[in-house]
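*Asks:* Structure in structure tokens, see below.
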């Protein structure tokens, strides 16, 4: 395709109603997701009472979502604004260097979001196996898993793009170059299978933990053990909610992407329609905003449930020798506080 035809294609695709509407959708949702994710990180994720390992991983996951939303807002802001100031059709062609930076940044952050939930499953399995002593484990596993997963993602992306020169004419930051499309398609298949497998693994962890918790509490009745098992249960439920919401949106994106690439141009009737279908990118930006509300709702429900459990189950005896000791401790605590005041 010569440069004139590419300029015509860029013009036809850019001003296609569906494509244009999708660009506005992505830009608006990504722009809203940036402050929402930032506040969610500061107000909800950083103060979590979870173990340091899973807390570090959750912070890393939502931080990558935040950075991804920032890059989406910038790149799709470009797509929204540039068509308003062009003087020729060829002005819609993205400069190779700018495309390379935008494309690699978007691909890196979306694949990080896809690969990090595997670390949740690994950490939860280890936490379950070490339930008796996990509260005393140092925060090493979480950072180690994150660094390993980031390294794996970088290696895989290098494999995908190592032969890409980025010298073609590009009209969208999210359209994978033709020379890399087949390799990236295979990577999408791997990620889709892995996402489904990870979701199944999370469900199994919850089922095993439920049975393990019931059996274990009959043998160990100390408050510290009960607290640790409850903490593992709560964190596992929260990571499952995040993983399920993730697979709902990201899995849909992967499935649709694979479908479009598989059926090809013939299914859509023309190359323009095929390019528009590949360029519609709304499920992932929608997820970046939706996960904030899902996370807030899940944490609020878990906190309310935990408070109700504490109020209904935690009691201090007031009769017998144990009651007398509790009374003496309460009086001593009161007079100590008065003397300090």
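Just so you know, glycine gets a Cβ as well, placed from its N, Cα and C.
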*Asks:* If Swiss-Prot is the reference, give me the range from 167-187, 188-208 marked as transmembrane segment.
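*Replies:* Feature transmembrane segment in Swiss-Prot: residues 188-208.
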*Asks:* Among 279-299, 300-320, find the range that Swiss-Prot records as transmembrane segment.
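*Replies:* In Swiss-Prot, the transmembrane segment feature sits at 279-299.
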*Asks:* Near the transmembrane segment (102-122), which residues from the same chain, at least 6 beyond its ends, have a CB less than 8 A from one of its CBs?
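*Replies:* Apart from its flanks, the transmembrane segment (102-122) reaches 54, 57, 60-61, 64-65, 67-68, 71-72, 74-75, 78, 94, 142, 145-146, 149-150, 152-154, 156-157, 161, 166, 170, 173-174, 176-177, 187, 191, 194-195, 198, 201-202, 205, 239, 242-243, 246, 250, 254, 284.
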*Asks:* Answer with yes or no whether the transmembrane segment (22-42) touches the transmembrane segment (66-86) by the criterion of at least three Cβ pairs under 8 A, sequence separation 6 or more.
*Replies:* yes
*Asks:* When you scan the chain for residues with a C-beta under 8 Å from the transmembrane segment (141-161), skipping those not six or more beyond its ends, what do you find?
*Replies:* 52-57, 60, 104, 107-108, 111-112, 115-116, 118-119, 122-123, 126, 180, 183-184, 187
